[in-house]
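What follows is a short report on a single structure.
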Amino acid sequence: MTARTSLTIVLAAGEGTRMRSSLPKVLNPVAGRSLLAHVLSAAPHGERDRLAVVIGPDHQAVGDEAKRVRADATTFIQAQRLGTAHAVLAAREVLAEGADDVLVAFGDTPLISAETFTRLREPLRGGSSLVVLGFRAADPTGYGRLVVQNGELVAIREQADASEDELNITLCNAGVMAIDGKIALDVLGKIGNANAKGEYYLTDAVGIVRDLGLTASVIETGEDEVRGINTKAQLAEAETVMQTRLRQAAMAAGVTLIAPETVYLATDTMFGKDVVIEPFVVIGPGVSIGDGAVIHSFSHLADARIGAKAQVGPYARLRPGTSLGDGAKIGNFVETKAAQIDAGAKVNHLTYIGDAHIGASANIGAGTITCNYDGFDKHKTEIGAGAFIGSNSSLVAPVKIGAGAYVGSGSVITKDVPDDALAVERNDQRLKDGWAKRFRDAKSRHRKPKAH
């Protein structure tokens, strides 16, 4: 049987005024990914699936994010905010092109899963013309109640219009919906605005479908999955739920999280086997960690690749563009950025490595700084395999340290160092016998007694 086609319309035009932010609501992040990106990633995507995103008139950044996440996304502008059904009809052009299943979702529900989108479509195959996603609310106050009779959805009753019996219903409307594509435009076109706000509500589609003699139904999911994000407090709650999911998935895959509740992951974090993450580690987007690697406490990683059996931290910061080879080590109070650190190399203490390539088994002493910025441009430092950089050295880029070369402690290196050479750049040490005693004696003779 030929697979059904789908059109998912994601509503992302809201201002999000309760977020108290200049950032469009759906661009706020959860686990290193925007709210919108979570929803678009979960929505059906295949050769027979299409995606439309409805945005506000001044929210080009939202459209750009949609295209970044899903190149197949088409954006439509809702010029006036006149309700959810009005927002869906902003995508009338693509609706008119037809699809077997039309799905409507919201860009501020980052916890919704791909599995739920799949389940939402199943009743359409079985003869339902409209499917609403519901959840059992711990506190249903404020939610529309789903009135079900004999297994069919007969109404979505808003709290203000609900009878006493209906107010006791805990099955609530999540807002997400699937409609048979053959009737979607007809149903949406019949929704009116004869209500107190003069808006067009998608929930009215249930009554219209039943008036047509067709069937509406409900599928249920957990309350967490359909959390809408309208405030920073709700954003924090969603982060908590997502982090719990990510931690559980990591541990199920064999990652050791010594204190899971203190570790923060990104949605795209990738782990090999036998990885150990110590307490109080933050992992941002774009990080992969190889087999047997250990990330010690209080380390922060973003857009970095960690090789097998490598070690990071404690108190290390790996910034974007860092690549750590197998068995390499980044120690305490080390920062790296745009740095390739090859297998077995060690950067153990109090060091900044930026815009650099460090060869295999090189040893970078404590307090070494790659001076990569001249006030206008970044420059590269290259350190060959097996090189040894003495403590408290400054490598002024662009500069190359050859394979096996040594740099003496305290040196400021501004010229290339050949393979296996020694470079030392510092003044000769001077000794003055007895100077310290003479200094103390002189100070003592001239010191005034302290007042008591």
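Easy rule for this one: first residue shown is 1, then count along the chain.
A Cβ is built for glycine as well, from the same backbone N, Cα and C atoms used for every other residue.
Taken from TrEMBL, the feature region 'Pyrophosphorylase' covers 1-232.
Taken from TrEMBL, the feature UDP-N-acetyl-alpha-D-glucosamine binding site covers 11-14, Lys25, Gln78, 83-84, Gly144, Glu158, Asn173, Asn230, Arg319, Lys337, Tyr352, Asn363. Annotation for Gly83 (UDP-N-acetyl-alpha-D-glucosamine binding site): spatial neighbours Asn193, Lys197, Glu199, Tyr200, Tyr201, Leu202, criterion Cβ-Cβ under 8 Å with sequence separation of six or more. Under DSSP, Gly83 (UDP-N-acetyl-alpha-D-glucosamine binding site) is assigned to coil, being neither helix nor strand in the three-state scheme.
Taken from TrEMBL, the feature Mg(2+) binding site applies to Asp108, Asn230. Here the Cβ of Asn230 (Mg(2+) binding site) has 15 other Cβ atoms within 10 Å, regardless of which shown protein chain they belong to.
Remote same-chain partners of the region 'Linker' (233-253), defined as residues 6 or more beyond its termini with a Cβ less than 8 Å from a stretch Cβ, comprise 19, 28, 30-31, 35, 110-111, 224, 227, 260-261, 263-267, 269, 271, 277. If you look up TrEMBL, you'll see 233-253 marked as region 'Linker'.
Long-range neighbours of His349 (active site, proton acceptor) (same chain, six or more residues apart, CB within less than 8 Å of its CB): Gly331, Asn332, Phe333, Val334, Gly365, Ala366, Gly367. For His349, the entry in TrEMBL reads active site, proton acceptor.
For the recorded site, Asn372 (acetyl-CoA binding site), the DSSP three-state label reads coil. The acetyl-CoA binding site annotation in TrEMBL covers Ala366, Asn372, Tyr373, Ser391, Ser409, Arg426.
Taking H, G and I as helix, E and B as strand and the rest as coil, DSSP gives the region 'Linker' (233-253) the counts 20 helix, 0 strand, 1 coil. Within its own chain, Ser391 (acetyl-CoA binding site) has Gly365, Ala366, Gly367, Thr368, Ser409, Gly410 as residues 6 or more apart in sequence whose C-beta sits under 8 angstroms from its own.
Asn372 (acetyl-CoA binding site) sits 59 Å from Gly144 (UDP-N-acetyl-alpha-D-glucosamine binding site), taking the C-alpha atoms as the reference points. Ranking the binding-site residues Lys25, Arg319, Arg426 by other CB atoms within 10 A of the CB puts Arg426 at the bottom.
Nearest Cα neighbour of Leu11 (UDP-N-acetyl-alpha-D-glucosamine binding site) among the listed binding-site residues (Asp108, Asn230, Arg426): Asp108.
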